[in-house]
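*Asks:* Pasting a structure below so you can have a look.
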Amino acid sequence: MRKHLERIQSNEEVVSRPRVSTRDSEELREAEGEQSDAQASHASFSAALHDDSRTDLNEVKGHLEIALLEKHFLEEELKKLREESNLERERSRCSELEQKINDVLKPRLEDSPSQTPKAPLPSTSAVSGTDKQKDTWSSSFRKCLYDRFGVYIEDFRFQQEEQTVETDEPLSAKRLTENMRRLKRGLKPLSNFKRNLTALSSWYSVYTSAIAFIVYMYAAWHGWAVPMFLFLAIVRLSLNYLIARGWRIQWSIVPEVSEPVEPPKEDLTVSEKFTLVLDVAQKAQNLFGRMANRLEKIKNLFIWVQPELTQKLYVGLWLAFISSCLLPFKLLGFFIGVYAGIKFFVIDFLFKSCPKLRQRFDTPFIIWTHLPTDLQLKERGGSTLTRRVTLSSGRGSVGPAAPLGASRDEDGGRYSSTKRGAFHEVFNLQESERPLTVCESGWRCCLINRDRKSPTDYIRNGYLYVTENHLCFESSSSRSGSSKRNKVIKLADITDIQKYKVLSVLPGSGSGISIATPSTTKPMVFGAMIHRDEAFDAIFNQHTKIVSAATAIEPEA
């Protein structure tokens, strides 16, 4: 039996083994099929990515712009939520403090009779009744006082003031333009008032100025100048009230010019935003420059920068002080009012009509125009220093020998040099070749030679000079005065000269000059020039002069 059972088990194992082998073969075939399908799908996906890469770039750019805008809007909403949360916290704090104060003060006032030391009980009941009445009367009286004057007493409690720190807003082109427009609208009433005053003093409307002059002089003669100004202020406020109510009242000596209001654009391109920021920055720069000039002039007037001008102010203040001590106030006010009317309506009109009289006799105008700013003082200091250096060098040079690194001109005795040494030695030119007076110190620029491929030769920083016959570029990277990296172009060889804009995205006409010659396939560009227009005019005029002289010589030959 045992042998029979062992035979049956061996037969079952033999039968099961081929079944397992068949299953394994099927699974291997399915895995190979899946691998082949995955390889095919991967190849097709890579091909699709390769074909649609260009179209996806535009979509990615659009998504990036949308993400930036969403980020900006989310930041603004987050700021608003923070401000609202701070307000709610402050309100909750105030309400909690009020409740605490009321909870602390009211029980004290109500329990004050009970906290007083109790006297020994009298023997009679009548005395206890009178004491109770007194206590009730005193408590009611204190409560009445607290109800009426407790709020005012709490106002006089000393508390530390909470210091709120204002958060700086991030730079935004929209907010910058809006702030500039708000500033312009805020200054408009002051500018209109100033324009009307200048129209009165310049007799823009003869009848209006004559009536104003007669009324003012009559009021000043009788001592009513101050009441007249107060009455005019009341009339102006009354007119503003009527205008706010909807009345159409327009009174102005000079007709107002309504400026067209541009509606704010919501969707701006990158170039439009850039030009907008540049425009606003230029206006802000000019405004801050004018304000700085006026403040610096006032400061320099009081710190004796120009002693002859401050001396006039000093003498005038002494005269005003002595007259204010000796003369009565009524007489002094009369003199000041009459002089102000004559000065405003008559003297200023004569000075504006006759500039020579103003330059000779208008003392405030002379003081203000001759007062220097800090920038002018700095320039004067630099010019005086250079004059001293040139004088000392002229006195120190004995004989015909020229100073080191300079070449002496034969006609004027002037020395011309570059940053590296003598001009004619740096550029291997004749001694007669010297830079024009416009560009003696050279124009700072960068040479873009598009024919060269290496970065060191493609862009080079340096200085540009113009002589009578050549255009010379001195590279700042040239070592020990070597002229290998410098550039010399004959003006007669120039075929075309134009103003050039290196980056077309930026606004304006650019800051470069392109020059084409027969030896270059692409025009050379001198970019990043601060004084581009001045350099272009000098090069163009000298080039036309040489070309016209050459054309005049050819027919004679």
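Even glycines carry a Cβ here, placed using N, Cα and C.
Quantities reported herein were computed from a predicted structural model and do not represent experimental measurements.
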*Asks:* Out of 1-50, 51-100, which range is noted as region 'Disordered' by TrEMBL?
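*Replies:* It is 1-50 that TrEMBL annotates as region 'Disordered'.
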*Asks:* Could you give the residue numbers and ranges of same-chain residues that sit at least 6 residues beyond the coiled coil (64-100) on either side and whose C-beta is under 8 angstroms from one of its C-beta atoms?
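*Replies:* Those are 167, 170, 172, in sequence order.
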*Asks:* If you average pLDDT over the domain 'GRAM' (421-501), what do you get?
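*Replies:* So the average pLDDT across the domain 'GRAM' (421-501) works out to 80.
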*Asks:* Pull the DSSP breakdown for the domain 'GRAM' (421-501) and write it out as helix, strand, coil residue counts.
*Replies:* 14 helix, 30 strand, 37 coil
